[in-house]
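A.B. asks: Straight out of TrEMBL:
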- 355-380: compositional bias 'Basic and acidic residues' (COMPBIAS)
- 664-680: compositional bias 'Polar residues' (COMPBIAS)
- 289-319: domain '4Fe-4S ferredoxin-type' (DOMAIN)
- 397-429: domain '4Fe-4S ferredoxin-type' (DOMAIN)
- 341-381: region 'Disordered' (REGION)
- 664-701: region 'Disordered' (REGION)
- 6-24: transmembrane segment (TRANSMEM)
- 75-100: transmembrane segment (TRANSMEM)
- 120-138: transmembrane segment (TRANSMEM)
- 150-175: transmembrane segment (TRANSMEM)
- 211-232: transmembrane segment (TRANSMEM)
Amino acid sequence: METQMLIRIIVGALMIVVVGLLAVKRVLWLTKLIRSGQPLSEGNNRKDNLGKRITTQFEEVFGQTRLLRWSVPGIAHFFTMWGFFVLATVYLEAFGLLVVHDFHIPIVGRWDVLGFLQDFFAVAVLAGIITFSIIRIVREPKKHGRDSRFYGSHTGGAWLILFMIFNVIWTYALVRGAAVVTGNLPYGNGAFFSQLMGAILRPLGVPANEWIETLALLAHIAIMLVFLLIVLHSKHLHIGLAPINVTFKRMPNGLGPLLPVESKGELVDFEDPAEDAVLGRGKIEDFTWKGYLDMTTCTECGRCQSQCPAWNTGKPLSPKLVIMNLRDHMFAKAPYFLDGKESPLQNTPEGGLGEEVRGEKESEKHSHEHVPESGFERIPADSPLQATRPLVGTLEQGGVIDPDVLWSCTTCGACVEQCPVDIEHIDHIVDMRRYQVMMESEFPAELSGLYKNLENKGNPWGQNAKDRTNWIDEVDFDVPVFGKDVESFAGYEYLFWVGCAGAYEDRAKKTTKAVAELLATAGVKYLVLGEGETCNGDSARRSGNEFLFQQLAAQNVETLNGLFEGVERVDRKVVVTCPHCFNTLGREYPQVGGNYTVLHHTQLLNRLVRDKKLIPVKQADGGMDITYHDPCYLGRHNKEYSAPRELIGASGAKLTEMPLSSAIQASGWKSTSESASTSNAPRRPSTPAHRRSRPAARSAA
């Protein structure tokens with residue numbers, strides 16, 4: 001035994017020192033890399049709501065709430081993750097066994113319950129990796145192509161990690177089984193798996209098991225140390241970085257309002273921007289430290305990709321591949337910008353690649369046959385040419401992100417909601433759009449007309465402002481117009497914000513007139529702005545034109561603040577039919593000095609029904625089911641799922657949820673993707689039901 005202990009000490013110490021130094025070096029480099037990102041502004045420094053951030057750690061990290069939305073892989077990951085926590089005690093014992101043959105953890109080291117937990121989670125981890133293996137085989141990208149959420153992921157690296165975890169478990173089993181035979185196991189029958197392995201190894205005798213214990217122990221530690229190095233150089237960095245990323249996420253999440261434009265840690269003043277202000281992200285060095293943290297945390301799990309409506313309708317955008325592309329480019333360029341050196345060929349919008357490596361000539365060397373327009377692996381991640389790529393560029397330019405990818409995003413938020421490690425995809429995509437629009441004037445031709453119409457006419461279609469009230473001429477009840485029929489908000493409870501679609505688009509006007517009639521029927525005192533209303537700027541902002549958004553928002557805030565002058569915030573009530581108006585007025589206008597209480601029409605109408613101020617006088621047509629599609633900016637971004645459904649139920653109609661309903665997803669069940677348009681054009685407001693019949697109602701007032 002003395003010879004074996006000497007071997008344990010020498011070999012074990014050598015492995016720990018060598019790998020420890022390599023690991024520390026890598027951790028310090030990663031820390032330096034992430035901290036080199038641009039600073040966040042004071043109001044966005046992620047240090048607020050400390051209590052909520054701690055609670056989120058328990059929910060998302062220890063509780064695995066996001067992963068458990070997908071039941072089978074979620075449960076497997078839950079036990080694998082907790083297995084790592086519990087098996088940390090095993091490695092504490094393993095390091096002790098290098099110097100003391102019968103080492104046990106002080107106080108708890110002989111408790112049978114600890115031995116049971118160690119064995120239970122060892123078996124659970126084994127079951128987990130078997131489950132993951134089956135999932136990967138069943139959803140193999142080579143077989144299912146784009147339909148596989150692993151399409152584009154580095155599957156070889158994933159299999160390597162599963163293999164390493166398997167090695168951890170079988171060496172654990174050998175060490176524990178041999179320790180049972182040699183009498184060195186500090187646990188009794190509670191360690192059921194260890195006792196079973198001991199029974200299998202007992203016929204070999206004590207001397208043989210002493211050597212098995214020593215060799216298996218060294219192998220167990222060696223595998224763990226190699227595993228550590230692999231993790232530090234792979235997508236499995238999330239094991240250490242996910243808790244950090246969750247801690248510094250946007251609160252409550254990365255949905256809803258977009259972040260204001262920042263440059264070098266300061267908010268950009270669009271009335272007087274600094275001469276050296278960078279508007280958006282034009283190269284990898286422009287991203288913030290949180291952006292770098294997002295990129296290094298990505299697990300390549302593909303949940304975001306599987307939910308993306310653009311990807312599921314054949315567009316080149318994959319949120320996963322966007323983050324992977326940015327990460328590979330960041331790692332390739334890091335040695336240059338961390339040391340203050342220029343890369344061999346500087347990033348430019350025109351591209352920095354020589355003809356011999358541009359476009360398809362280089363793509364022929366790819367190890368994956370993915371959609372070439374996605375930008376993925378145009379230049380292999382380990383190629384020295386990776387650092388020379390333009391951030392946004394075509395196939396010929398070798399761009400990291402293709403323009404078609406950048407402009408396919410609808411900002412629906414499915415990726416952000418599904419990401420188990422809280423990556424903020426929308427923020428990064430919109431920031432790259434901002435640079436393209438405001439710094440490079442590079443954007444789809446369709447947006448040129450949109451911007452012109454918004455700037456000159458205040459709506460996406462270039463309609464005349466005086467036509468905003470045409471719908472009022474089509475109803476048989478009074479609709480007061482501020483500045484025309486009334487000069488003050490006094491005596492009124494709500495401003496009905498009609499919106500561009502609600503005023504101009506024929507189908508949306510039906511919703512406007514129906515809502516206006518229901519409010520009048522319920523005795524609600526409201527008015528409209530008429531010609532004084534202009535587009536809220538949502539389309540401009542989400543397409544990257546923050547200048548135009550600020551212009552439109554400032555105009556609207558001036559109008560609204562004038563209307564509500566002297567009125568308390570809680571009484572500055574605005575009702576809207578458009579989910580985008582709902583989000584912009586309620587959650588983005590506070591960024592520009594506009595603070596209002598904004599309600600979606602389904603919320604207000606549902607409240608009126610509950611208060612018996614609206615009572616259906618006849619039930620909806622029988623024998624016909626009604627289904628409801630959750631608008632992204634009402635449901636996913638603002639978590640309002642119940643009001644529209646309660647309102648439909650109040651009519652007596654039978655609501656049948658679609659299999660991929662966002663409400664089902666919000667309840668914790670897996671869904672695939674919603675049927676969403678991938679156009680960049682403004683969306684018209686959704687009505688509560690597919691059938692847009694106007695509910696018959698009478699007043700109970």
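Keep in mind that glycine also has a Cβ here, set from the backbone N, Cα and C atoms.
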A.B. asks: May I ask which of the stretches 6-24, 120-138, 150-175, 211-232 has the most CB pairs under 8 A with the transmembrane segment (75-100)?
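C.D. replies: The stretch with the most contacts is 120-138.
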A.B. asks: Which whole number is the mean pLDDT over the domain '4Fe-4S ferredoxin-type' (397-429)?
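C.D. replies: The average pLDDT of the model in the domain '4Fe-4S ferredoxin-type' (397-429) works out to 95.
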A.B. asks: Could you pull out which residues elsewhere in the chain have a CB under 8 Å from any CB of the transmembrane segment (120-138), counting only those six or more residues past its ends?
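C.D. replies: 72-73, 76-77, 79-80, 82-84, 86-87, 90, 150, 155, 158-159, 162, 165-166, 168-169, 172-173, 193.
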A.B. asks: Take the domain '4Fe-4S ferredoxin-type' (289-319) and count its residues per DSSP category (helix H/G/I, strand E/B, coil), listing them in that order.
C.D. replies: 19 helix, 0 strand, 12 coil
